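K.L.:
Just dropping this structure here.
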Amino acid sequence: MRKIILCSPRGFCAGVIRAIQTVEVALEKWGRPIYVKHEIVHNRHVVDKLREKGAIFIEDLQEVPRNSRVIFSAHGVPPSLREEATERGLIAIDATCGLVTKVHSAVKMYAKKGYHIILIGKRKHVEIIGIRGEAPDQITVVENIAEVEALPFSAQDPLFYVTQTTLSMDDAADIVAALKARYPQIFTLPSSSICYATQNRQGALRNILPQVDFVYVIGDRQSSNSNRLREVAERRGVTARLVNHPDEVTEEILQYSGNIGITAGASTPEDVVQACLMKLQELIPDLSIEMDLFVEEDTVFQLPKEL
């Protein structure tokens, strides 16, 4: 009998929960409007619900009236933006994920020590923009092995590397291997800068791939970690679709006869997962459902001190 295999863990991580709660509690405490720099997390469903409650999402701090409260998103911001907020008299509340903050701190520390930092990630992603702002003259962003091969440094230069927290572990490992081959002296943090939730969701998906021939990744197309989940499946030869609404679960699935895997990005609400699951069961009524637990998660991040 065909079955749906639900990955666990999936969906919201501790950093996303903290960021969403930061906006919700701020609205409860101070009322609307509360301004938020960038989407608080990369998921349209989450952003739309918070907008209905009174959050105003902006990209330019000039859009925020003086002396208003502004929340920085989970992805982090460059120091220059914090300075701009202070200069404009804004009351800033920081919802940056603690694991992103850890990368910022490491970059700042090693830049002060004279190291050049190789930052592995998508250079246009808001997280990378924020990290790069810590030491723009001492950071080089690389997205792939070809860019590693084009780096101008010598085997004597002091080099340190970190990664975007939401990268594919597969891709990051390949890039790191290329870096170490060229620069044996390069080093990083004692623990990976790819966050625990990214590692767990990718690990949970890899765990079920031998049992399925099709995967739905429930997540927003703007979500880095959701896109990386899709790539994890495709890299291992399993067809994967990134969907963010049950309407995107289509009769295409009827072309496949094997088991179906379902996972969700770290910014995806569980009610969206369940809605997509119901649509799938409508299309294929005799599917059974099995949960595949990869690891338990119990990480909790405290809300910002202002709340």
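Here the Cβ of each residue, glycine as well, is placed from N, Cα and C on the backbone.
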K.L.:
Swiss-Prot has Cys13, Cys97 binding [4Fe-4S] cluster. Which one of Cys7, Cys195 is in the same site?
P.N.:
Cys195
K.L.:
Here are the binding-site residues: His42, His75, His125. Which has the lowest count of other Cβ atoms within 10 Å?
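P.N.:
Fewest other Cβ atoms within 10 Å, among the binding-site residues His42, His75, His125, is found for His125.
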K.L.:
Filter the binding-site residues His42, Thr165, Ser267 down to the ones within 10 angstroms of Glu127 (active site, proton donor), Cα to Cα, kept in sequence order.
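P.N.:
Those near Glu127 (active site, proton donor) - Cα within 10 Å - are Thr165, in sequence order.
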K.L.:
Suppose the isopentenyl diphosphate site is His42, His75, His125, Ser223, Ser224, Asn225, Ser267. Which further residues of the same chain have a Cβ inside 8 angstroms of that site's Cβ centroid?
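P.N.:
After dropping the recorded site residues, what remains is Val41, Glu127, Thr166, Asp220, Gln222, Ser226, Gly265, Ala266.
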K.L.:
Out of the binding-site residues listed (His42, His125, Ser223), which are within 10 Å of Cys13 ([4Fe-4S] cluster binding site), Cα to Cα?
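P.N.:
Hits: none.
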